[in-house]
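Take a look at the structure set out below.
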Amino acid sequence: MSALGELGSLRGKKPVGQKKDNLAGYLFLAPWLLGLFLITIGPMVASLYLSFTDYNLIQAPKWIGLENFSRMLSDERLHNSLRVTFTYVFVSVPLQLTIALLLAVVLDRGVRGMAFYRSVFYLPSLLGSSVAIAILWRQVFGTTGLLNQVLDVIGIHGKGWISDPSTALGTLVVLNVWTFGSPMVIFLAGLRQIPTMYYEAASVDGAGVLRRFVSITLPLLTPIIFFNLVLQIIHAFQSFTQAFVVSGGSGGPSDSTMFFTLYLYDRGFGNFDMGYASAMAWFLLVIIGVFTAANFFASKYWVFYDD
Amino acid sequence: MRPHIRRTAGRRLRALAAMAVATTLLAASACGGDSGGGGSSAGGGGDVTLRFTWWGGDTRTKLTQQAIDAFQKDHPNIKIKGEFGEWSGYWDKLATKVAANDAPDIIQMDEKYLREYADRGALQDLKKSEGLDTGKFEDDTLKAGEFDGGLYGLNAGINSFAIVANPALFKAAGVAMPDDTTWTWDDYTRIAAELTTKLNGKAFGTGAPGTNEAALNLWARQHGESLWTQDGKVGVSPEQVTAFYQQVLKMRDAKAIPSAEAISQDMNAALDQSAMATGKLAMNWMWSNQLNAMSKAAGTELKLLRVPSVEGKASANGSYYKGSMFWSISSRSKHQKEAVEFVNFLANNTAAGNILLAERGVPPNTEIRSAVTPKLQPADAASAKFIQDIGKELGDPSPAPPVGGGQVEKIIQRYTTEVLFGRQTPDAAAKAFLDEVNGELK
């Protein structure tokens, strides 16, 4: 806005120009604004309304008040889907961020060919949530998949990892951890922001590698860690594609990969229960909102802003 | 270069974090914007484009496309656009399209979902459609698509649930083909276990019953019950579901069926990649009309067997004729006349019959059936003969699933997995299965 204001003052007709410039500003915003209202806000309002209705996709929705929400209390498959989702989020996100941070630190130390490694490690992030990779995952962890072939060589007889309820979720966690590239790139950018003089001073004082990492890198990187944490948690809560494709759309075996989002989809489109599915979507929004708020609240105690 | 002093970076980061959070949060509740399906229903110059959707593998798609081509040649003003895919995923897609008011004009429908869609007014009552000729259909076959006084799906083929066997694997194992008119569940289990042993890891004796609901229905019918009742309720008792799962466990312990993982993996596999098609099973449960497609996929001639029974009598094995699939017309189609014309062509035209043959089951139109029978390829001829042979042994028709009954396939798959992995006992799984199915009925 300030740049536009300066432009206006250059022309020398301040009040009118300001208005015109505002209009120009809104015009430039229009494509994004239209998208926001048509693709995001519109459907959101619609889904909020639908969450209070019984809507079977074909006939007009019927108002039923809070019934959808009270039904969630006794829906055991929904409870199971929450368990699965929470396990997924709280196992895969810390693992993913730890690996991302460690690799970023190693790469930041000036490894030769860093640009190459950076691209290689980043690649899975671009592909990770794609259908193609999920299909590949199915093959790798299948009964006769790549993993079992490798295990066979070293004499271990593997099993069907994605078709066993006790390991299926694990393969999805591995898939998510594998996409550590995007937080890693953000970590790398953060590491570059840390002034070298701190390290120089610490070295003069005789601090070793570990000490420098713990006392300088980590504290100065906390805003970035926080940023990545918040983003990846939200991202993990919303995971859908991987579980959908790997389980063939069923969330199976035995609902072991039935993410909340997948169950939402199953209710909405498999069971013609779009009212309930909409209520679930809003419930998920609340869950994510609560976790994000808690994250921001906790950040006061561990995130260090150097300003 | 690293900056030596930075002041605003922290503040900026905080703002960035807040913004990123806001945008991702917003995206959470508005999942999936409409991709904007372009309904190209009204072409220029009086031409009409009809959309026609079906599920099925390669074989079916090729034959159906040939039939479409033949129709278009006779009706230059009508274009048919095919939309097809595998069974898994078909129903999600159809539901989405119907919800978006973008339903295809002609829909290949399954018994499981017929009521679901018809009850909600999504399907045209074909009795009111002018020009649809059902004169050559046997009464029974028409009834399968009829309820509440309307005809919502026109039978596209007759099939029956059966055992499919791979004679090459029987031969390799040195096991004789069973006499399917007298075999019991115990015979079936014993023979399958023997196959597993003699094939020595190359393949297993049989796939498990319970990867869809049809085997449970047969089991129930053999015990004087039935999966669904005439008035649209669940008709099978917890005791019989328990007994069914005990049978499954008996087969698992005898190694008649593959490992739980292999079975659960096979549940959602496409026909062409299924364990039966890739030669990993000597027998499996299958709908009879799939014999041709499965034989092609397996690259060897497969054989249909009657399902085993409790008493060892084919007439008591609970088998029934089912409408393998139905032709339905969307009630919202803007081109009812042309859609009816096309369905008429599929059901009653000899040229269409000669192309489609018995891939969707034995033609219910008796005239087409007799015209087509001599032309059937070996596999189709065998399944048509099978359908004819069991005709004398059949019991009552099986009541169609009520609204909400379409979910039963996914539900039984889940509990079969639970039982096979030993995570639930047969009686616990039986009770939970019935609770859940009852909960889905509307």
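Here the Cβ of each residue, glycine as well, is placed from N, Cα and C on the backbone.
What TrEMBL says about a protein is an automatic prediction, not a curated fact.
According to TrEMBL, the protein carries these features:
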- A:82-295: domain 'ABC transmembrane type-1' (DOMAIN)
- A:23-46: transmembrane segment (TRANSMEM)
- A:86-107: transmembrane segment (TRANSMEM)
- A:119-137: transmembrane segment (TRANSMEM)
- A:168-191: transmembrane segment (TRANSMEM)
- A:212-237: transmembrane segment (TRANSMEM)
- A:277-298: transmembrane segment (TRANSMEM)
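Residues 84, 87-88, 91-93, 95-97, 99-101, 103-105, 107-108, 118, 121-129, 133-134, 137, 141, 161-162, 217, 221, 223-225, 227-228, 231-232, 236, 239, 242-243, 246-247, 252-253, 256-257 of the same chain, all 6+ positions outside the transmembrane segment (A:168-191), place their C-beta atoms under 8 angstroms from a C-beta of that stretch. Scored by C-beta pairs under 8 angstroms, the transmembrane segment (A:212-237) has its highest count with A:86-107, from the stretches A:23-46, A:86-107, A:119-137, A:277-298. Long-range contacts of the transmembrane segment (A:86-107) within the same chain, counting only residues at least 6 positions beyond its ends with a Cβ under 8 Å from a Cβ of the stretch, are 114, 117-118, 121, 169, 172-173, 176-177, 179-181, 183-185, 187-188, 191, 213, 217, 221, 225, 228-229, 232-233, 236-237, 239, 259.
When Cβ-Cβ distances below 8 Å are used as the criterion, the transmembrane segment (A:277-298) is approached by residues 47-48, 50-53, 55, 68-69, 72, 78, 226, 229-230, 233-234, 237-238, 260-261, 263-265, 267-269 of the same chain, each at least six residues removed from its ends.
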